[in-house]
């Protein structure tokens, strides 16, 4: 194993100093980015390429990670019917909790009413400010989304880094390998061997995470300023608190029912959470999350199917945001929505949140798609939250990430593909600390 000499050296030197852990470095980088962006905003905005470059580095390796994990996982299945079962159970879980997240956002908006009393005239809003997002939303459709899952070419799917297209091909290729049996054994062995250097490459790329988080946070604070939060603090606070309650109460209850602690899980994936906080991109944590879930005892085939699919279909944070933001706009502009209007909003959001998945700025675009179908709420009202959306995107991404981690463990347990002893050891901190960085290796 490549990591053996490194582990031996680490063991001989005793416990690592705290500052050598990735999560500490990312946390310091985020704090430094906030300070620099606040006191030197012009310099902060110029550091955007650092964050963009890191995201591109991670996206570069996502397709190989998904392909190797899914193809080898399915190829090793003795019962191919399991593939359909895992996918079906995952989609059932996604639909249930995505809908629940939408309903919770709707209820909270009605109870708290964060937009009440603003009395903004809809005619005074500038539709040009959100025209780009509205145009992108109109380009999306459910049929277009589903047909786009099928890649035009295999190379094109990998070149574009489209998660669902890569997943689609990987599943088919894994099934084909399983069906040819011994004839495909050499290919499976080769792919298994290729997994080690690919995950080592992920570990190398993760060392740049503090730089990416620093640049992204400096840009955000430098461009939008901490002061821009104050005017709409009620909406931001309501969204953050609702998301926290969803994670600790709803997902916490799911975790407890399935035999693990949500707090222990959050501690286990802390590096990935801080990475998302710094970059505002849940994709940045995808390779590390897949590796962590496999190390936690979830079968590779389950991890490979649930997490990439969940990145498009299990967006709990985005769903809470959509109904909450839609009702905020209605309240701010003095538009009364009947329960019938709100149910229509809920049904449209259930569809549009899937149809616009995987797009940059997906949360804002899916909101535009939803409002364009619901005539009661003006799409131009999105201009009210355009300036603060960037501050809510981190919370959306964090909630989405936790939701997918929980979903993976739950589906693995439903399929009897979860090593509970390994899960307990991982969540108890017995698998080593910095597994998303220097210690990252594919689980056996």
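Using N, Cα and C of the backbone, Cβ positions are placed for all residues, glycine too.
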- Query: Ranges 113-134, 201-222: which does Swiss-Prot label transmembrane segment?
  - Reply: 201-222
- Query: Of the ranges 364-386, 387-409, 410-432, which one does Swiss-Prot list as transmembrane segment?
  - Reply: 364-386
- Message: Three or more CB pairs closer than 8 Å, sequence separation of 6 or more: does that hold for the transmembrane segment (163-180) against the transmembrane segment (53-75)?
- Response: yes
- Message: Take the C-beta pairs under 8 A between the transmembrane segment (90-112) and each of 53-75, 327-349, 364-386. Which stretch has the highest count?
- Response: 327-349
- Task: Give residue numbers and ranges for long-range contacts of the transmembrane segment (53-75): same chain, 6 or more residues beyond its ends, CB-CB under 8 A.
- Result: 83, 157-158, 161, 163, 166-167, 169-171, 173-175, 177-178, 184, 188, 191-192, 194-195, 198-199, 201-202, 205, 208-209, 211-213, 215-216, 279, 281, 283-284, 286-287, 290, 294, 299-305, 308
